[in-house]
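Asker: Pulled the feature table from TrEMBL, pasting it below:
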type	residues	note
BINDING	83, 85, 243, 317	Zn(2+) binding site
BINDING	83, 85, 243, 317	Fe(3+) binding site
BINDING	92, 150, 177, 246, 322	4-imidazolone-5-propanoate binding site
BINDING	150, 319, 321	N-formimidoyl-L-glutamate binding site
DOMAIN	75-379	domain 'Amidohydrolase-related'
Ligand SMILES: N=CN[C@@H](CCC(=O)O)C(=O)O
Ligand SMILES: [Zn+2]
């Protein structure tokens, strides 16, 4: 039998549905929400925490089997973190310290994570991954994309994706992360492996394919190689995502738009034609301010991008090299303070924007029928996410059935 839960005492509810409340965030005050869960459901069609069955002013709330009173807190849609690299072993804190002493990031440190990850057991990787998922949930994240990319051989990449699939359906094959040591000087042969045997082994465990298209890095892939990888992935039924414009402007953004990628990520460096192409496309630009923070790079001008009509998402890019944070509240605060977004734009980008970057309409908002993925804030308003940086305000709400 289905279990219904009434969440009451919501001082401010962000629905991200303008039809339900004020402004683009669809804000309701003194609100309530009802979630209905089927016991034992966990197949995505009927999620464990249930779906939103009713949302509106608390005064009109229907009765339910159980009630949770959040006592004057704000509730927002759970964060949709559409870009992470969470299956890895090893430690790169020394690389971070060197960077803070003046060294530049060029992707070379990825090799050290590849070595440690290849040597780790399934259980070691699984335990670390579970720790990151719990850490993210404790900060309000309810949907996570997870990439492979730290094995770079056929069995290893498939193993990372199998492990990622244990925690999310949003898994991304990133065999084209960098050229591994054993293929240096033979990039063409490595691309043939990625688009051949590796793709065949990985596609059954992945929804997406991604490529680090960055000709400015001696380790990553140029536009031609990236095109080959993306076309092969599309042929295998995968959706497209691209890492581009992290170190310098390059061909990746244009390629992502041309091929209809769901998202192109980083965008630290963009040309005016990149911006124009994005603005007239269905491709989301996912900004990753944790990377600029942790690599001492200039922040992209999100204000100008939004004003130009680009669809912007925010994600953590949690990884051991360029952004070792799982904190979406930190990402929101950085986007507001350093990239010119308003608190409302940043919250939208970290929730509905992430959903759009994953081409999902069941997360990132709290309209009737959406997944009942709620984040509760230890604050009366979502504005506190940026106003009180570094304070642990957000947490995902556990509903009966979850
Ligand atoms: N730039 C490429 N990939 C990751 C970093 C990976 C690493 O340094 O371990 C990123 O998104 O920033
Ligand atoms: Zn990344």
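From the backbone N, Cα and C atoms, a Cβ is placed for every residue, glycine too.
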Asker: If the criterion is a C-beta within less than 6 angstroms of any ligand 1 atom, which of the binding-site residues 83, 92, 150, 319, 321 pass it? List them in sequence order.
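Answerer: Within range of ligand 1: 319, 321.
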Asker: Over the domain 'Amidohydrolase-related' (75-379), what is the model's average pLDDT?
Answerer: 98
Asker: Suppose we draw a 10 Å sphere around the Cβ of residue 246 (4-imidazolone-5-propanoate binding site). How many other Cβ atoms does it contain, all chains included?
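Answerer: For residue 246 (4-imidazolone-5-propanoate binding site), the count of other Cβ atoms within 10 Å is 28.
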Asker: List the binding-site residues 150, 177, 246, 321, 322 whose Cβ sits under 6 Å from any atom of ligand 2, in sequence order.
Answerer: none
Asker: What same-chain residues, at least 6 away in sequence, bring their CB to under 8 Å of the CB of residue 92 (4-imidazolone-5-propanoate binding site)?
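Answerer: The answer is 109, 112, 113, 320, 321, 324.
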Asker: Given the binding-site residues 150, 177, 246, 319, tell me which ones have a C-alpha lying within 10 Å of the C-alpha of residue 85 (Zn(2+) binding site).
Answerer: 150, 319
Asker: Between residue 243 (Zn(2+) binding site) and residue 150 (4-imidazolone-5-propanoate binding site), what C-alpha distance do you get in Å?
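Answerer: Residue 150 (4-imidazolone-5-propanoate binding site) has its Cα 15 Å from the Cα of residue 243 (Zn(2+) binding site).
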Asker: Taking the centroid of the Cβ atoms of 150, 319, 321 (N-formimidoyl-L-glutamate site), which other same-chain residues have Cβ within 8 Å of it?
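Answerer: Near the N-formimidoyl-L-glutamate site, beyond 150, 319, 321, sit 85, 88, 92, 109, 110, 113, 149, 320, 322.
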Asker: Which of the three DSSP-derived classes (helix, strand, coil) applies to residue 319 (N-formimidoyl-L-glutamate binding site)?
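Answerer: Where residue 319 (N-formimidoyl-L-glutamate binding site) sits, the three-state DSSP reduction gives strand.
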Asker: Taking the Cβ of residue 321 (N-formimidoyl-L-glutamate binding site) as centre, how many other Cβ atoms lie within 10 Å?
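Answerer: Excluding its own Cβ, residue 321 (N-formimidoyl-L-glutamate binding site) sees 23 Cβ atoms within 10 Å.
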Asker: In angstrom units, rounded to an integer, how far apart are the Cα atoms of residue 83 (Zn(2+) binding site) and residue 177 (4-imidazolone-5-propanoate binding site)?
Answerer: 14
Asker: Return only the integer: C-alpha distance in Å from residue 177 (4-imidazolone-5-propanoate binding site) to residue 319 (N-formimidoyl-L-glutamate binding site).
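Answerer: One finds 13 Å between the Cα atoms of these residues.
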Asker: Largest pairwise Cα distance, Å, within the listed N-formimidoyl-L-glutamate binders 150, 319, 321?
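Answerer: If we measure all Cα pairs in 150, 319, 321, the largest is 11 Å.
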